[in-house]
Amino acid sequence: MRIAILSQGPELYSTKRLVEAAQLRGHEVHVINPLECYMNINMRQSSIHIGGRELPAFDAVIPRIGASITFYGSAVLRQFEMMGVYALNDSVGISRSRDKLRSMQLMSRRGIGLPITGFANKPSDIPDLIDMVGGAPLVIKLLEGTQGIGVVLAETRKAAESVIEAFMGLKANIMVQEYIKEANGADIRCFVLGDKVIAAMKRQAMPGEFRSNLHRGGTASLVKLTPEERSVAIRAAKTMGLNVAGVDLLRSNHGPVIMEVNSSPGLEGIEGATTKDVAGAIIDFVEKNAIKVKKVTQAQG
């Protein structure tokens, strides 16, 4: 097969591992920077171009689109879809998962365990918003944040009011969530592929830090999932419409709660912690599911 990997970073671990796994299986692989693509959209024959040349036909596309280029990257991916190329994760699923608030609303509708989450627009609503999530300590998150950036733990009510007011004053979109103290600064990353969790790791925050992201100095280790954790991770990925997802959950006193569903999960941490060939499993999944049938994206949710 001819496979396109949409990525701005050909030297990134995840991209290199996917290229390596695909080539080992005899596939032709092209790493394409979505920001270098431009599109011809017409009723006869749509196409994608780079540097004055039309891209050749592809059998499958694996999107590794960074959060900062979600809009343009999704548009390029959608163009591949309109041209009948199989997308490992489609543009609708990616856009849905990148909107943190929308993700929470969709999972709530499906009865998936979540931290109590509040969202408001006016400073006058702040006191009620804080009460809604159980008071301080609480977590304040920028909706556009990634890798733990834009996430604040407010340990007192006064601190919470000040931080929320400041974000509102900057016209930043935030959500407020209950703080799951019993998680002790640890979360679990479940790597979902299709209808299975193929790997999982526990991420522990550094001492004095509550964010467990590996980019923030957290450490990763093997973890044994409960059947409930496995089930809720798969349901969360399905709710987003994703074939591949990194589902982050916390162990709370009332069961697993989903923090985030990542449509472009990194491979380095999960492969390092579990020694599993996750990249190879992804390519095997693409081989089984790529079909040369024109696919039209249908937005749902």
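Placed from the backbone N, Cα and C atoms, the Cβ positions cover glycine too.
In Swiss-Prot this protein carries:
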type: DOMAIN; residues: 104-287; note: domain 'ATP-grasp'
type: BINDING; residues: Lys141, Glu178, Tyr179, Asp187, Arg211, Ser212, Asn213; note: ATP binding site
type: BINDING; residues: Asp248, Glu260; note: Mn(2+) 1 binding site
type: BINDING; residues: Asp248, Glu260; note: Mg(2+) 1 binding site
type: BINDING; residues: Glu260, Asn262; note: Mn(2+) 2 binding site
type: BINDING; residues: Glu260, Asn262; note: Mg(2+) 2 binding site
Quiz item: When the pLDDT values for the domain 'ATP-grasp' (104-287) are averaged, what is the result?
Solution: 92
Practice problem: Compare the C-alpha of Asn262 (Mn(2+) 2 binding site) with the C-alpha of each of the binding-site residues Lys141, Glu178, Tyr179, Asp187, Asp248, and give the closest one. | Solution: Asp248
Quiz item: What is the one among the binding-site residues Lys141, Tyr179 whose Cβ has the most other Cβ atoms less than or equal to 10 Å away?
Solution: Lys141
Self-check item: Tertiary neighbours of Asp248 (Mn(2+) 1 binding site) (same chain, Cβ under 8 Å, six or more apart)
Solution: Asp187, Ile188, Arg189, Cys190, Ile258, Met259, Glu260, Val261, Asn262
Quiz item: Residues with Cβ closer than 8 Å to the Cβ of Glu178 (ATP binding site), same chain and 6+ apart in sequence?
Solution: Pro115, Ile116, Thr117, Val133, Gly134, Leu138, Val139
Practice problem: Please classify the secondary structure at Asn262 (Mn(2+) 2 binding site) using three-state DSSP. | Solution: strand
Quiz prompt | Collapsed DSSP category at Lys141 (ATP binding site) | solution = strand
Quiz item: Counting every protein chain present, what is the number of Cβ atoms, excluding its own, within 10 Å of the Cβ of Asp187 (ATP binding site)?
Solution: 22
Quiz item: What count of other C-beta atoms do you get within 10 angstroms of the C-beta of Glu260 (Mn(2+) 1 binding site), across all chains shown?
Solution: 18
Quiz item: CB neighbours of Asn262 (Mn(2+) 2 binding site) within 10 A?
Solution: 22
